[in-house]
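K.L.:
Structure provided below as C-alpha cells; questions to follow.
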10 protein chains.
Amino acid sequence: MTQLASHYLETFPNPALGRDYTIRIDIPEFTCLCPKTGQPDFAVIKLEYVPDQVCVELKSLKLYIWGFRDQGAFHEAVTNQILADLVAVTMPKFMRIRAEFNVRGGIYTTVIVEHQQPDWQPPVYIQLA
Amino acid sequence: MTQLASHYLETFPNPALGRDYTIRIDIPEFTCLCPKTGQPDFAVIKLEYVPDQVCVELKSLKLYIWGFRDQGAFHEAVTNQILADLVAVTMPKFMRIRAEFNVRGGIYTTVIVEHQQPDWQPPVYIQLA
Amino acid sequence: MTQLASHYLETFPNPALGRDYTIRIDIPEFTCLCPKTGQPDFAVIKLEYVPDQVCVELKSLKLYIWGFRDQGAFHEAVTNQILADLVAVTMPKFMRIRAEFNVRGGIYTTVIVEHQQPDWQPPVYIQLA
Amino acid sequence: MTQLASHYLETFPNPALGRDYTIRIDIPEFTCLCPKTGQPDFAVIKLEYVPDQVCVELKSLKLYIWGFRDQGAFHEAVTNQILADLVAVTMPKFMRIRAEFNVRGGIYTTVIVEHQQPDWQPPVYIQLA
Amino acid sequence: MTQLASHYLETFPNPALGRDYTIRIDIPEFTCLCPKTGQPDFAVIKLEYVPDQVCVELKSLKLYIWGFRDQGAFHEAVTNQILADLVAVTMPKFMRIRAEFNVRGGIYTTVIVEHQQPDWQPPVYIQLA
Amino acid sequence: MTQLASHYLETFPNPALGRDYTIRIDIPEFTCLCPKTGQPDFAVIKLEYVPDQVCVELKSLKLYIWGFRDQGAFHEAVTNQILADLVAVTMPKFMRIRAEFNVRGGIYTTVIVEHQQPDWQPPVYIQLA
Amino acid sequence: MTQLASHYLETFPNPALGRDYTIRIDIPEFTCLCPKTGQPDFAVIKLEYVPDQVCVELKSLKLYIWGFRDQGAFHEAVTNQILADLVAVTMPKFMRIRAEFNVRGGIYTTVIVEHQQPDWQPPVYIQLA
Amino acid sequence: MTQLASHYLETFPNPALGRDYTIRIDIPEFTCLCPKTGQPDFAVIKLEYVPDQVCVELKSLKLYIWGFRDQGAFHEAVTNQILADLVAVTMPKFMRIRAEFNVRGGIYTTVIVEHQQPDWQPPVYIQLA
Amino acid sequence: MTQLASHYLETFPNPALGRDYTIRIDIPEFTCLCPKTGQPDFAVIKLEYVPDQVCVELKSLKLYIWGFRDQGAFHEAVTNQILADLVAVTMPKFMRIRAEFNVRGGIYTTVIVEHQQPDWQPPVYIQLA
Amino acid sequence: MTQLASHYLETFPNPALGRDYTIRIDIPEFTCLCPKTGQPDFAVIKLEYVPDQVCVELKSLKLYIWGFRDQGAFHEAVTNQILADLVAVTMPKFMRIRAEFNVRGGIYTTVIVEHQQPDWQPPVYIQLA
Ligand SMILES: [Ca+2]
Ligand SMILES: [Ca+2]
Ligand SMILES: [Ca+2]
Ligand SMILES: [Ca+2]
Ligand SMILES: [Ca+2]
Ligand SMILES: [Ca+2]
Ligand SMILES: [Ca+2]
Ligand SMILES: [Ca+2]
Ligand SMILES: [Ca+2]
Ligand SMILES: [Ca+2]
Ligand SMILES: [Ca+2]
Ligand SMILES: [Ca+2]
Ligand SMILES: [Ca+2]
Ligand SMILES: [Ca+2]
Ligand SMILES: [Ca+2]
Ligand SMILES: [Ca+2]
C-alpha cells in the first residue's frame, strides 16, 4: 500500500453485509504530474465496486485523490496503483477502475483495470419489462 | 424497520395477485443531511419492483421519502435502509433501488441495491417484432 | 369484465388467423381521476399484442379509454384492469400494457403488465443483414 | 390474391438465385380510406424480404401501393393483405411488413406481419471487428 | 465477370496473409441509370470484406464504380453484380455489400448481399473492458 | 520490425504483471504519403491492447507515429505494419488496431487488424447493476 | 368573467409592487370537450405575465384549469376565454397565453393570445457577456 | 433585509472596481416548504450580476440558500426576497434571478426578477468573428 | 503585474499589424487552490482577443496557467488577475476572459471579464450567404 | 507573396463578374511543423470569400496547402500568411480565414483573419420566410 493510501484512505463497515450491491463513484478532477517532464496531467477516474466487509469513506477518497496532485505518475502505473490501494484497504468482492486521461501530444489514453475475489460469482442482471 | 417506515409507509392489496408485473417509481426530489457536517445532500431515487401480496401506496411513499429531509444519512447506508424498509413493508418478489447522489467535493456517487425472494424466477422478456 | 369494457369494447375477426403477428397501439391521452382526492391523473398507455381469434376494434378502444375520464382509479389497479378487460374481450396469444403516469407529488410512476396463453411460444426475431 | 395485386404487381427473375440476401423497401406515402368514415388514413410501409425465384418490380409495387388510395381498408387487414399479395406474387424465403399508421382519434397504431418458407433457415449475422 | 470489372479492377497481394482482418470501404457517390427510363439513380455503396490472397486496389475500385455512370442497372441486379465482380477478382474469405438507393417514386430501396468461403469460420469479437 | 519501430518505439515493464487489463490509445493525427501519387493521406488510429511483460511508452509511440509523415504507405499495409511493429516490441496478450482513413476520390476506407497470443483467454465482461 | 373564473381563480397581492418581472407557468394537462362531438380535446397551456397589483394563486389556477374537463370549448374560443378570465382577475401589465392542442384529424392547432395595459412599456432585455 | 440574509450573507470587496463584468451563479439545490401545506418545494436558482463595490461570498451564499430549507415560501415571494436580500447586501449595478420550480399539481412555474441601478448603462456585447 | 506573469508570459510581434483579427484560446485544464480551505478548484478558461502590437506566446501562456496550480485564488479575483496580467503584457485592442468553475457545494460559478482600448471600434460581423 | 503561393496558387476568371457571391472552402487536412520543436501541428482551415476578377483554382489551392507540410509555422503567422497569399493572388472583395488548431499542451487555439476591399459594401442577408 502506498503512503497516500495509508495516510488518507478510511473505511466504514458495509451497512448491508449479506448483500451484493454496486457502488459507483465518478471523479472528474484527478490531476498528477508527468514523471518525465513535471508537467500536469489530468484524468477522469471512474470507480465501481461490490463491497465486502467495508466501504471506502468518500471524503477520505477525495483527499486520497487530491494527494496525487504533486506526485509524478505514469498513466498505466497510477491506475493500477489506485486499484491496488483501494483493494488493500477495502478488500472488495469486485472493483473496476477506468482512468480517461486528457490528450497529450495528440494522443488520448484510457486505462481500465479490475480486481475480483477468486470465488466471487458476478451477478446476473435482471431486466424487468 | 425504521421509525420513518413504520410511521409513514402504507400498503394496499396487490390488485393482480396471480401475475408478475413491474412497478417503476422515480423520485427526483430526495434530500437528507450529511451526518458528518449537517449539510444537505440530494439524490434521485429510482425504484422498480415486482409486487407479491401488497403494493406500496404512493402518497405514503412520498411522505416516507420526505421524512429523510431532517435525517443524517450516509449514501450507502440510506440506500440500503430504504430497500430494507420497503422490503419489510411490501415483501416483494423483486425490488431494485438506484440512488444517484448529487456531486460533493467533485465526486459523484451512485448506489444500486436489490432484493429477491429466494425462489422467485425472473421473467424472460418477450420482444415482439 | 368491467362495465366500461362490456359497454364499449368491440372486436372483429382476426384477418390472418394462421399467423402470429404484432399490433402496437399507443394512446397518449389517457386520463382518469384519483380515487382519494378526485383530482385528474394523466398517463400514456402503450399496448402491444399478438391476436388469436379476434382483434380489438380501434374506435371502440378509443371510447373505452375515454370512459375512464370520470372514473376513480389507482395506477396499479387501472393498468391491470385495462389488461383484464382487453384479455377478456380478445383472448390474445400475448398482450403487454405499459402505463406511464404523469408526475404527482414529485413522483413518476410506470406500471407494466403482461398476459400470455399458457401454451403460446414467443417468436424468435429474425434479424436480416 | 387481390385484384390490385393481379392488376399491378410484376416480378422479374432473382438475379442471384443461389444466394440468400436482403431487399429492404420503405414506402412513406401509403394512403387508403377508413372503411367506416371514408376519411383518408396514412401510413409508412416498411418491407424487407429474402427473395426466392423472383423479386418484386419496384415500379409495379409503387402502382400497387397507389392502388389503395380509393380503397377502404382496416389497419390490421390491409397490412396482412399486402403481405399476402406480395407473398402470392413473389413466394419469398422470408418477408416482413411493418405498417405505421398516422394518429387517429389520439391513437397511434402499428402492425407487423411476417411470412417464412417452412424449411428456410434464417441467416446468422456475421459482425466483423 | 463483367467488362467493367475486367477493364478496371486491380488487386495487390494481401500484405498480411496469415491474418483474418477487416477492410471497410464506403462509397457515397455511386450513380447509374434506370434501365427503363434512362433517369439517373444514386446510391451509397458500403463494402466490407476479409481478404484472402489479394486486396482490391482503391483507385481501380473508384474507376470501376465510376464506370456504372452510363450503364442501365436494376437495384437488385447491380448490387449482386458488384459483389460477383469483386468476388471474382479478389476471392475473399468474406464479403458484404450494402447498397442504399436514393428515393424514386416515393420508395427507398436497400439491397444487402454477402459472399463467404465455404470453410471460413467467422471471428468471435473480443470486447475489452 | 521496421526501421521506424526499432528507431523510436520504447517499452517499460508492465506495472501490473499478474493482471489482464486494457490500455486504449487514440491517435487522431496520423499522416503519411500515398506511395503512388506522393500526396498526403490522413487517418485516425485507434489502438487497444492487453499488455503482457511490457507496455509501449507513449512519447515513443507519438514519435513512431510521426515517423510515417514522410513515408509512402498503402492503407492496408501500413495498418498491418503498425500492428506488426507494436506486437514485435510489446508482445501483448491481445492487440487491435483500427485505422480510419480520410476520404480519397470519394471513398472512405477503414482497416481493422488484431493479434492474439495463442493461449490467451479473452475476459468475460462483468456488468454490474 | 366566466363562472369557472369567479368560482375558482384567486389572487394574492404582488409581493414586489414596484418592479416589472416575469412569471411563467406551463400547464401540460389541459383537457376539455369538443362542443360538436363531445369528444375530449387535450392541450398544453403556456402562460407568461408581468403582474400589476396581484398575482394568480397557483392552486386556484390548477382548479380553474381542471374546471374545463367537462366543458365544451372550441380551440380559439377557449384560449381567448382563459386570457379574458385571467386578465379580469389579475389585471396584469402584460399577459400571453399559448395553447398547443393535440392533433385532431391530422391537424395540429396552436392559438396564441396577448393582453397589454395601454401605457405599459415592455422591458429591454439586458444580455450580459 | 431578512434575518437569513443578515445572518448568513457576506461580501468581499470587488477585486476589479473600475470594470463592468459578469458573475453567473447556478444553484440547482434550492428547497423550501410550501407555506400552505408544509410540503417541500424544489427549484433551480440562476443568478447573474454585475458587481459594484462588493461581491457576494460564495460559501455564505450557499449557507443563505440552505437557510430556506425549513422556511415556508411562495414561489413569487421567495424569488423577489432573494433578489431583495442580495441587492441589499451587494448593491450591484445589475442583478437578475431566475427561479425554475419543480412541477406541482401538473404545473411548472418559473419566476424571473431583475434589479438595476438607475443610471447604469448596460454593456453592448462585442461579437468577434 | 503578478510575479507569475512577469516570470512566464512572453510575447511575439503581431504578424499582421495593420489588421483587426481574432485569436481564441480555450484552456480546459486550469486548477488552483481555494484560499480558505486549501482544497483544489478547477475551471475552464476561455480567452479571446484582438491583438495590437504583440501576441501572447502559447507555450508561455501554458506555463503561466500551470503556475496557478499551487496558488490560492478566489474565483472573481483570479479571473480579473488573468485578464490584468494578459492586458499588461499584450496591451490588446480587445480581450475577453470567461472562467467556468467546477461545482463546489452545489454551486456553479462563471466569471466573464473584458478589456477594451478606449478608442477601439469593435468590428461589424459580415455574414455571407 | 510567399514562394509557396507563387509556386502553386493559380486562378481562373470569375465566371460571374457582375455579382457578389460566396465561395466557401473547408480544408480539414492542414498540417505544418512547430518552428520551436519541429513537431507536427494540425489544423482545420475554413475559407470563405467573395471573388472579384478571379477565383482560386481548387487543385492549386490543395497543392499550396500541402506545401506547408514541411514548413515551420506559428499559429497566428501562418493564418495571416495564408490570407495574405490568397489576397495577393485573387484580390477578392472579401475573404475570411478561420484556422482551428489541434490541442497542444492542453490548449486549443483558433485564429480568424479577414480582408476587405476598402469600398466594398457587405451584402445584407435576405432571409426568405
Ligand atoms: Ca478529458
Ligand atoms: Ca454526504
Ligand atoms: Ca429541517
Ligand atoms: Ca443529480
Ligand atoms: Ca366529467
Ligand atoms: Ca407524461
Ligand atoms: Ca406518420
Ligand atoms: Ca456519361
Ligand atoms: Ca441518399
Ligand atoms: Ca477522418
Ligand atoms: Ca400535444
Ligand atoms: Ca426542476
Ligand atoms: Ca467544469
Ligand atoms: Ca506549435
Ligand atoms: Ca517531410
Ligand atoms: Ca482539431
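Heads up, the Cβ atoms here are built off N, Cα and C, so glycines get one too.
Owing to the predicted nature of the structure, the values given are computational and were not obtained by experimental measurement.
Copying in the features that TrEMBL gives for the protein in this structure:
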- D:Cys34: active site, thioimide intermediate (ACT_SITE)
- D:Asp41: active site, proton donor (ACT_SITE)
- D:Val56, D:Glu57, D:Leu58, D:His75, D:Glu76: substrate binding site (BINDING)
K.L.:
Which whole number of Å gives the largest C-alpha distance between any two of D:Val56, D:Glu57, D:Leu58, D:His75, D:Glu76, the residues noted as binding substrate?
P.N.:
25
K.L.:
Within 10 Å of the Cβ of the residue listed as 'active site, thioimide intermediate', how many other Cβ atoms can be counted across all chains shown?
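P.N.:
Counting Cβ neighbours of the residue listed as 'active site, thioimide intermediate' within 10 Å gives 16.
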K.L.:
Restricting to the chain of D:Glu57 (substrate binding site) and a gap of 6 or more, list residues whose Cβ falls under 8 Å of its Cβ, or answer none.
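P.N.:
Same-chain residues close to D:Glu57 (substrate binding site) (Cβ under 8 Å, separated by 6 or more) are D:Leu9, D:Glu10, D:Thr11, D:Phe12.
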K.L.:
Where D:Leu58 (substrate binding site) and D:Cys34 (active site, thioimide intermediate) are concerned, what is their Cα separation in Å, rounded?
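P.N.:
D:Leu58 (substrate binding site) and D:Cys34 (active site, thioimide intermediate) have their Cα atoms 26 Å apart.
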K.L.:
About how far apart, in whole Å, are the alpha carbons (Cα) of D:Val56 (substrate binding site) and the residue listed as 'active site, proton donor'?
P.N.:
25
K.L.:
In Å, rounded, how far does the Cα of D:Asp41 (active site, proton donor) sit from the Cα of D:His75 (substrate binding site)?
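P.N.:
Cα of D:Asp41 (active site, proton donor) to Cα of D:His75 (substrate binding site) measures 9 Å after rounding.
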K.L.:
Roughly how many Å separate the Cα of D:His75 (substrate binding site) from that of D:Cys34 (active site, thioimide intermediate), to the nearest whole number?
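P.N.:
Cα of D:His75 (substrate binding site) to Cα of D:Cys34 (active site, thioimide intermediate) measures 9 Å after rounding.
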K.L.:
Enter the number of other CB atoms within 10 angstroms of the CB of D:His75 (substrate binding site).
P.N.:
22
K.L.:
Inside 10 Å of the Cβ of D:Val56 (substrate binding site), count up the other Cβ atoms and send me the figure.
P.N.:
23
K.L.:
Using Cα coordinates, what distance in whole Å links D:Cys34 (active site, thioimide intermediate) and D:Glu76 (substrate binding site)?
P.N.:
12
K.L.:
Out of D:Asp41, D:Val56, D:Glu57, D:Leu58, D:His75, which recorded positions lie by ligand 9, with a C-beta less than 6 Å from some atom of it?
P.N.:
none
K.L.:
For ligand 15, pick out the recorded positions D:Cys34, D:His75, D:Glu76 that have a CB under 6 angstroms away from one of its atoms.
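P.N.:
None, as no Cβ falls under 6 Å.
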K.L.:
Neighbour count, 10 Å Cβ-Cβ cut-off, for D:Glu76 (substrate binding site): what number do you get?
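P.N.:
Here the count is 23.
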K.L.:
Taking the Cβ of D:Leu58 (substrate binding site) as the centre, count every other Cβ atom within 10 Å, in any protein chain shown.
P.N.:
22
